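This report concerns only the one structure given below.
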């Protein structure tokens, strides 16, 4: 018996990476009886029946599980947002950050196309970078053209399972191609356009990039907050957690409650006002959704 990780699932076969070799495996019938489906990203115990084939005996406990794309044990999300073309969207980034935080996945913010910045836009992006770093997020500025920031990104990918997410046209494929030129991913191959991945129906595969595994489909192709409860939302804004302990009321939603330490921190300029505005907008969105039964 050996241990490995599923890197591809296709036509009833599971391709397991183990010590640098890939085995084409079938799942045992017991999984069907238990209604358990092995997922890409699963850590498994398998029995090799030849140099290249085998069958899966056990599926390890999952750290997390994404539905779209169907993948397990994602350790980090590379959130790619371009500095320009399309313009940087802090609100969309905050939406992704909430979703990532809710899945207990470590976010890494990558700002691409920094080579295209000029004076005023350079200052604006620098302010955003400063704000998100101050909150505690890992932010990398990159350019697929000048190769700036690529070594730093490669270091983050090493030894981890990552998904890539972000707007359409931000350069996700270009960045992965720059890290591993033989991939030859076409622009648009990894695509999330405000929630609709171009190929969410095709198989998911983990690609070996920079010593780590990266999903070749967009992470979080559904951008709604359907799986998040309203009282959980403040926890997914790390700076709110820090100040929230000073609120008068336990379970403060930081909207209209008296003596709210978070709102006081916003007024004092200690929390970026745009982050708070996005939070208020998300609260309103969640209040409007239909109840789940």
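Note: Cβ is positioned from N, Cα and C throughout, glycine not excepted.
Worth saying up front: this structure is predicted, and the values here are computed from it rather than measured.
Pulled from Swiss-Prot, these are the features on record:
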type	residues	note
DOMAIN	63-223	domain 'CP-type G'
BINDING	112, 113, 114, 115, 166, 167, 168, 169, 170, 171, 172, 173, 174	GTP binding site
BINDING	247, 252, 254, 260	Zn(2+) binding site
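Feature annotations (Swiss-Prot) mapped to structure.
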residue : record              : DSSP (3 states)
112     : GTP binding site    : strand
166     : GTP binding site    : strand
172     : GTP binding site    : helix
252     : Zn(2+) binding site : coil
260     : Zn(2+) binding site : coil
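Most buried of the binding-site residues 112, 168, 174, judged by other Cβ atoms within 10 Å, is 112. Along the domain 'CP-type G' (63-223), the predicted structure has mean pLDDT 86.
The least crowded of the binding-site residues 170, 247, judged by other CB atoms within 10 A of its own CB, is 247. When the Cα of residue 170 (GTP binding site) is compared against those of the binding-site residues 247, 252, 254, 260, the shortest separation belongs to 254.
Comparing CA positions across the binding-site residues 252, 254, 260, the one lying closest to residue 114 (GTP binding site) turns out to be 254. Note on proximity: among 247, 252, 254, 260, the binding-site residues of the record, the Cα nearest residue 168 (GTP binding site) is that of 254. Nearest by CA distance to residue 254 (Zn(2+) binding site), out of the binding-site residues 112, 172, 174, is 112. Cα separation, residue 112 (GTP binding site) to residue 252 (Zn(2+) binding site), rounded: 36 Å. For the binding-site residues 166, 172, 174, a Cα-Cα cutoff of 10 angstroms around residue 260 (Zn(2+) binding site) retains nothing. The CA atom of residue 252 (Zn(2+) binding site) is located 43 Å away from the CA atom of residue 174 (GTP binding site).
Secondary structure at residue 247 (Zn(2+) binding site), taken from DSSP and collapsed to helix, strand or coil, is coil.
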